[in-house]
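For B:60-407, the entry in TrEMBL reads domain 'Amidohydrolase-related'. Here TrEMBL flags B:His67, B:His69, B:His215, B:Asp303 as Zn(2+) binding site. TrEMBL lists B:Glu96, B:Arg148, B:His188, B:Glu218, B:Asp303 with the feature substrate binding site.
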Number of protein chains: 2
Amino acid sequence: MKQLWIRNGLFVTMDDSTPVIKGHMVISNDAITYIGEQEPEPQSLSESVEKLDGKGLAFLPGLINTHGHAAMSLLRGYSDDQNLQVWLEQKMWPMEGRYVAADTRAGTALAIVEMLRTGTTTFLDMYDRMDEVAKVTEQSGIRGVLMRGVIGLCSEEEQKAKLEEAIAFALEWNGRADGRITTMLSPHAPYTCPPAYIEKFVQAAHDHSLALHTHMSESRAEVEQNVRDYGVRPVEHLHRLGFFSRPALVAHAVHLNDEEIAMLAENGVSVAHNPVSNLKLASGIARLPELLRAGVKVGLGTDSAASNNNLDLFQEITMAALLHKGVSGDPTAIPATEALKLGTSLGAASIWKEKEIGMLKAGMKADMAAVNIDQPQYFPLTDIVSHLVYAGSGKDVRHVWVGGKQVVKDGQCTLLDEEKIRKEAQAAFERLLNG
Amino acid sequence: MKQLWIRNGLFVTMDDSTPVIKGHMVISNDAITYIGEQEPEPQSLSESVEKLDGKGLAFLPGLINTHGHAAMSLLRGYSDDQNLQVWLEQKMWPMEGRYVAADTRAGTALAIVEMLRTGTTTFLDMYDRMDEVAKVTEQSGIRGVLMRGVIGLCSEEEQKAKLEEAIAFALEWNGRADGRITTMLSPHAPYTCPPAYIEKFVQAAHDHSLALHTHMSESRAEVEQNVRDYGVRPVEHLHRLGFFSRPALVAHAVHLNDEEIAMLAENGVSVAHNPVSNLKLASGIARLPELLRAGVKVGLGTDSAASNNNLDLFQEITMAALLHKGVSGDPTAIPATEALKLGTSLGAASIWKEKEIGMLKAGMKADMAAVNIDQPQYFPLTDIVSHLVYAGSGKDVRHVWVGGKQVVKDGQCTLLDEEKIRKEAQAAFERLLNG
């Protein structure tokens, strides 16, 4: 048995019964087997137990990024400060149209390096050429919730082929990489998939016991178009198509009225809140306080590096805590602990993984980030949760573990060649640009 | 002559005629004497010129923090997610009331370490016991615009003593530390200083050729109170008191109507925009796009670490770029270059120092930060300004120079004992808490 005993650590557990523990943790193989103030019982430890001095470190559950498109990191900074249609139609789509498998690999690897180094241990990815994404996920050590995102604005044969590809990928990779990879089905959005096509995804999700993900109500224009095209707003539209009859996660959900929030809550629909991307693309500001009050499970997403432009989930946590105070005029909106839950325990619940990840607790998978708090922004050491949320950043992360395996050590990925990945990303971008 | 030749660097100059230069820079004593694509002329270099390989680094003008209260960093995380009045009256003021000189020193030193490490080379500070602040400023190598912030809710004798103290400080320290320290006069706010008292500051500013700083229109309640008490909104109120007859900088300016924006522009009044603090305290969102369109000179401020809770000006730059897009619905609002100008060249202009700092250009002071761009979030290397604004953070800063002197090397302050400062800050906070 492989064991790690972390001594004298400061553990931010996200477990309400013991929010912060100064003490000890034991990881046995892939799971946390002990956490507490006292030293672990000697008989619980193997002779070969590895020891780590936790001094100067704060440990928190690995962060969970519930919406993104990793391979688009190749397009970081390629088009900023543009109208959404120019950005999408004149910039993103032509470049994405030139992608080959090597580009997907290069972009995904670059994204995973950035996510791991900034403390994200689970990421959700909706894109294409998902075999490439899955292979990089497997190699890197990160946990991935992967799915082929399907745009249905094409012929029926093409629709059929894409759906089959999405199902085949989901079935082939579900549970692979020691269970680190799970899969979902994902029609891209109500405005890019005809209703009958969305219904086919719903049916396939039932047939194969998979959950569903889609973009929804990101921009006001999209909501208005939905009303024009289908006579109802997107939540009602998806509801009528049966989308909420499976576990469902919707990304963005910026433009919601009270009835829609109630409908999401009643149907147990989860939301991926992407505050930075929503600001950058000028989509608007989601009604996060109202969603949480209604009991909706909300996680945080970075969206892609082309609309963010980074994948540091700490920034989303900070933004969620700050933004909704300023907009609502209520300084008690989204307190620090709530914001950190969005990135950890509540994020885990939003993708139905709250029994495995999102807390530091005996029995949970050992997915964890260790933050270097021997830095000025963590002093004085008053409230560690406050400091992580308002003063910290992913750049403060020093070590990361996923399922008990150390994937970042002293700020460097252990299973990936970072320099090679940076060079390949640069070369891939230049090929695409000259493509 | 002390000379530094930086070779093969990527220089983000903030000079519109040559925004980004791949090439060389020479610093001679405290100033930039050459920047260009070509190597410098050999005869311009002294024999003892030091050389630095700029590979993997992006150089930008040192950031300028135009509003803050450094010593309050001792109160970081002591009270978050509270109503403003609770935060101020029950938490901040009682703790601040217990400060002694050693606390001001400890808090200021902690703040300066954080600012220097994150690339800030000039900070504005409004607080009390300013001799202590000035001494730490002198020692640390940072550039400081310092002033005694005066609350006038007291007897006439006390008012008189405080004003005299503010003037004495300003005269004693102006131009000290090789010119790194300059001074201003600062009545705290229209709601904490009676009109006649503000007029005395205006008179003193004329008598001693000093500029003026104050808090203004931070919260809606404060604007309403001003109307109740004096019959006019704060901008008109300050204008009538002669405040704008001297170079004047107002902090926050969140709640402004169109006439007030026009009045600030007409009178050449500068604004310190503090987006993170304004969100965190739920004060609101300043009308930055309108202020800039009107031609108002705007810089960025962190405010204190008690209402932010960090002093990384990169976060204010990022927030300025993101927030106003989302709020206005216009993705072209505050482009990346404009946001970076707020933290550099325009920030310099807002404190009347645009001839000395805020650009990398021959003749300017050598105030500069070098960012480590051999990191995933800077790849692919498309647009360095975009990456600094949307993907970067102060944690990426590796070296910092102020007036040609290296004050941060490989992420550590060269002139301050960081570990000692962290310990002293912790001890000071605990003393205050047990007060």
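Heads up, the Cβ atoms here are built off N, Cα and C, so glycines get one too.
Binding of substrate is attributed in the record to B:Glu96, B:Arg148, B:His188, B:Glu218, B:Asp303, and the widest Cα separation among these residues amounts to 21 Å.
Compute the center of the Cβ atoms of B:His67, B:His69, B:His215, B:Asp303, which mark the site for Zn(2+); besides them, the chain residues with Cβ within 8 Å of that center are B:Gly68, B:Met126, B:Ala251, B:His252, B:Ala272, B:Asn274, B:Ser277, B:Gly301, B:Ser304. Each residue contributes its Cα atom, and for B:Arg148 (substrate binding site) and B:His67 (Zn(2+) binding site) those atoms are 13 Å apart. B:His188 (substrate binding site) has its Cα within 10 Å of the Cα of these binding-site residues: B:His215, taken from B:His67, B:His69, B:His215, B:Asp303. Around the Cβ of B:Glu218 (substrate binding site), the number of neighbouring Cβ atoms within 10 Å comes to 26. Counting only the Cα atoms, the space from B:Glu96 (substrate binding site) to B:Asp303 (Zn(2+) binding site) is about 16 angstrom. B:Asp303 (Zn(2+) binding site) falls outside any helix or strand according to DSSP and counts as coil. Remark: B:Asp303 (Zn(2+) binding site) has B:His67, B:Gly68, B:His69, B:Ala251, B:Asn274, B:Val276, B:Ser277 as non-local neighbours, by Cβ distance under 8 Å and separation of at least 6 in sequence.
Of all the Cβ atoms in the protein chains shown, 26 others lie within 10 Å of the Cβ of B:His69 (Zn(2+) binding site). The least crowded of the binding-site residues B:His67, B:Arg148, B:His188, B:His215, judged by other CB atoms within 10 A of its own CB, is B:His188.
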